[in-house]
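What Swiss-Prot records for Glu179 is active site, proton acceptor. Residues or ranges marked as Mg(2+) binding site by Swiss-Prot: Asp43, Asp82, Glu114. If you look up Swiss-Prot, you'll see Asp43, Ser44, Asp82, Lys112 marked as 3-methyl-2-oxobutanoate binding site, on the strength of sequence analysis.
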Amino acid sequence: MKALKDFMRMKHEGEKISMLTAYDYPSAKQAEAAEIDMILVGDSLGMTVLGYESTVDVTLDDMKHHARAVRRGAKDTYVVVDMPFGTIGIDASTDTAFAIELYRDTHANAIKIEGAHAAPVIKKCHDIGIPVVAHLGLTPQSYGITGYQLQATSKEAAKQLIEDAKLVEKSGAIMLVLEAIPSDLAHVITESLTIPVIGIGAGVGTNGQVLVYHDVLNYGVEHKPKFVKRYGDFSIGVESIKNFHDEVKRQAFPTEEYTYKKQIMNEVDE
């Protein structure tokens, strides 16, 4: 399993870091088999696999359930798990208690926290030994305020984001995720920090990239953001299911090939 020192080395040597967002045992097993550097158990699971309207509906128990499944599927991969909405922003002590619970109960390698406002919690977690990945730019838990759109598009907002990035690093974040910001800004932030920066919709100038398993494979997702590239097409699964349905109706399945050959009723009748 890669450790933080490996990700720091990769940043300094210019080797890009791959991160995949996955939510369950089989996707985690596939990610590990593909030698992905890191897995993120994101609260985006709310919309992607639970059918919620937004990440706001995701609970701490949801995150625990899915993170445990990912950990079982990827025992030798660095796993990061999201702190869900409602667990950050209460007060530093309560927030930290939630962080301890999630970190302890999932056996993740790190937790991820959205927003620069969480800097005090990041520091508390750092002080007690919980690695924290910070998340700036488009922060889905705040979509009601920021919207799902490109962030930091004004000079003032860009300057603020640079300051926020420096703040979370100073507070003890081990890594930073930048989402949906101009690529030149992401590059400047990446170069200004000593910690690795992972981008999603932030251009090529970051230290690595993250995409969601379901987006990569076109698996059950309806919306395709600009920054998503499809590397496979699981949408053909609908046709496969339809074929199964049709064969059942036509009594074309199961054939002898898929039927156990042992006969038992003669013995029962004796």
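The backbone N, Cα and C atoms fix where each Cβ goes, and this holds for glycine too.
Small disclaimer: the values here were computed from a predicted structure and weren't measured.
Everything Swiss-Prot records as a feature, shown here on the structure.
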{"residue": "Asp43", "record": "Mg(2+) binding site", "Cβ contacts under 8 Å, 6 or more apart": "Thr55, Val58, Asp62, Met63, Asp82, Pro84, Phe85, Pro140, Gln141"}
{"residue": "Ser44", "record": "3-methyl-2-oxobutanoate binding site", "Cβ contacts under 8 Å, 6 or more apart": "Thr21, Thr55, Pro140, Val212"}
{"residue": "Lys112", "record": "3-methyl-2-oxobutanoate binding site", "Cβ contacts under 8 Å, 6 or more apart": "Leu40, Gly42, Val80, Val81, Asp82, Met83, Val132, Val133, Ala134, His135, Val177"}
{"residue": "Glu179", "record": "active site, proton acceptor", "Cβ contacts under 8 Å, 6 or more apart": "His135, Leu136, Gly137, Leu138, Thr139, Gln151, Gly199, Ile200, Gly201, Ala202"}
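Ranked by how many other Cβ atoms sit within 10 Å of their Cβ, the binding-site residues Asp82, Glu114 place Glu114 at the bottom. Secondary structure at Ser44 (3-methyl-2-oxobutanoate binding site), as computed by DSSP, is coil. Among the record's 3-methyl-2-oxobutanoate binders, Asp43, Ser44, Asp82, Lys112, no two C-alpha atoms are more than 13 Å apart, and one pair sits at exactly that spread. Reduced to three states, the DSSP call for Glu114 (Mg(2+) binding site) is strand.
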